[in-house]
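This report concerns only the one structure given below.
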Amino acid sequence: MYGIEYTTVLTFLISVILLNYILKSLTRIMDFIIYRFLFVIVILSPFLNAQNYGINLPITGSMDTPYINSTQEEMFLTSTLCLYYPTEADTEISDNSWKDTLSQLFLTKGWPTGSVYFKDYTDIASFSVDPQLYCDYNLVMMKYDAALQLDMSELADLILNEWLCNPMDITLYYYQQTDEANKWISMGSSCTIKVCPLNTQTLGIGCLTTDTNTFEEVATAEKLAITDVVDGVNHKLSVTTNTCTIRNCKKLGPRENVAVIQVGGSDILDITADPTTAPQTERMMRVNWKKWWQVFYTIVDYVNQIVQVMSKRSRSLNSAAFYYRV
């Protein structure tokens, strides 16, 4: 009886020892396999180019479009795009869902629904006074009008550059421009600007400071006027202050998140002739105009090429900002 019990206990102990040995052996084998596998992965990883799924995948759901194997953030997925267009476009299209249609078309170019905003403006005058360029990227469409050519080119100069501006009290003070980057910017429904250059004795040069009729007229009934006079010379100004506001401004540099698209016209606006435009490049393009649908289709087709020459900026531009810091 006791011999049977001892044999049973001995068999059980041997089984436990054998099982323990087998488990330890399996553990050592698995450790060897895992560590060897990880070692091989570490050695070969610099030479392998594996697709990181979830990065730069087409948001359209299509896997046909080739995407660069990169972990860089796709800017369109986190950026906003604003399109500014004249009200006549909305009137001509006359479709309550045209913006939704364009949003779906922008989606095919990588811009998620809700990232593209459409903003209309009545005319250049109202837009220049209150641009409201709030998006990461801003495309301003201006239909060519020969009668507004000066206003269009000056509006382009205004919104394509950053300006530091201060109020001017022309009733009490004389003003001079210090360098080529220093301009006087006037905005309003009708801006007529006259200037009288002064000598060192504050006497008018070719004009009488007491008679504005003898002043030189540099802008007549314009909605937006950027005035440039001889640097380092004091001037007395006459401005139609009841319909116009004038500011003393300094051009700081390009506003790289704004582009101007001229719609139609045989002449192309060009602001690069200004020596203060540095570098001598501009974010402007012209598209042919027949119908506004055609214009928007063209912009959707080329939106990514346009944005590639721009830079995402966080600083916004509105009427209040313009008067003090643009």
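Even glycines carry a Cβ here, placed using N, Cα and C.
Pulled from Swiss-Prot:
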BINDING   Asp95, Gly206, Thr214, Glu216  Ca(2+) 1 binding site
BINDING   Gln177, Asp228, Val229, Asp231, Asp301  Ca(2+) 2 binding site
DISULFID  Cys82-Cys135  disulfide bond
DISULFID  Cys165-Cys249  disulfide bond
DISULFID  Cys191-Cys244  disulfide bond
DISULFID  Cys196-Cys207  disulfide bond
CARBOHYD  Asn69  N-linked glycosylation site
SIGNAL    1-50  signal peptide
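Features as recorded by Swiss-Prot, highlighted on the structure.
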residue: Cys82; record: disulfide bond; CB count, 10 Å: 19
residue: Cys135; record: disulfide bond; CB count, 10 Å: 22
residue: Cys165; record: disulfide bond; CB count, 10 Å: 19
residue: Gln177; record: Ca(2+) 2 binding site; CB count, 10 Å: 21
residue: Cys196; record: disulfide bond; CB count, 10 Å: 23
residue: Cys207; record: disulfide bond; CB count, 10 Å: 20
residue: Glu216; record: Ca(2+) 1 binding site; CB count, 10 Å: 15
residue: Asp228; record: Ca(2+) 2 binding site; CB count, 10 Å: 13
residue: Val229; record: Ca(2+) 2 binding site; CB count, 10 Å: 20
residue: Asp231; record: Ca(2+) 2 binding site; CB count, 10 Å: 12
Discussion item. Same chain only, sequence gap of 6 or more: which residues have a CB within under 8 Å of the CB of Asp301 (Ca(2+) 2 binding site)?
Written reply: Lys109
Worksheet item: Which of the three DSSP-derived classes (helix, strand, coil) applies to Thr214 (Ca(2+) 1 binding site)?
Response: helix
Discussion item. Need the DSSP three-state call for Cys249 (disulfide bond) to compare against my parser.
Written reply: strand
Fill in: Cys244 (disulfide bond): secondary structure state under DSSP, collapsed to three categories
strand
Worksheet entry | Assigned element (helix, strand, coil) containing Cys207 (disulfide bond), judged by DSSP | coil
Worksheet item: Expressed to the nearest Å, what is the distance separating Glu216 (Ca(2+) 1 binding site) and Cys191 (disulfide bond) at their Cα atoms?
Response: 14
Worksheet, complete the sentence: Cα of Thr214 (Ca(2+) 1 binding site) to Cα of Asp231 (Ca(2+) 2 binding site), in Å and rounded, measures 21
Worksheet item: If you count the C-beta atoms lying within 10 Å of each candidate's C-beta, which of the disulfide-bonded residues Cys191, Cys244, Cys249 ends up with the smallest number?
Response: Cys244
Item to complete: From the disulfide-bonded residues Cys135, Cys165, Cys249, pick the residue whose C-alpha lies nearest to the C-alpha of Asp228 (Ca(2+) 2 binding site).
Response: Cys249
Worksheet item: Cys249 (disulfide bond): which of the recorded positions Asp95, Cys135, Cys191, Gly206, Val229 is the nearest Cα neighbour?
Response: Val229
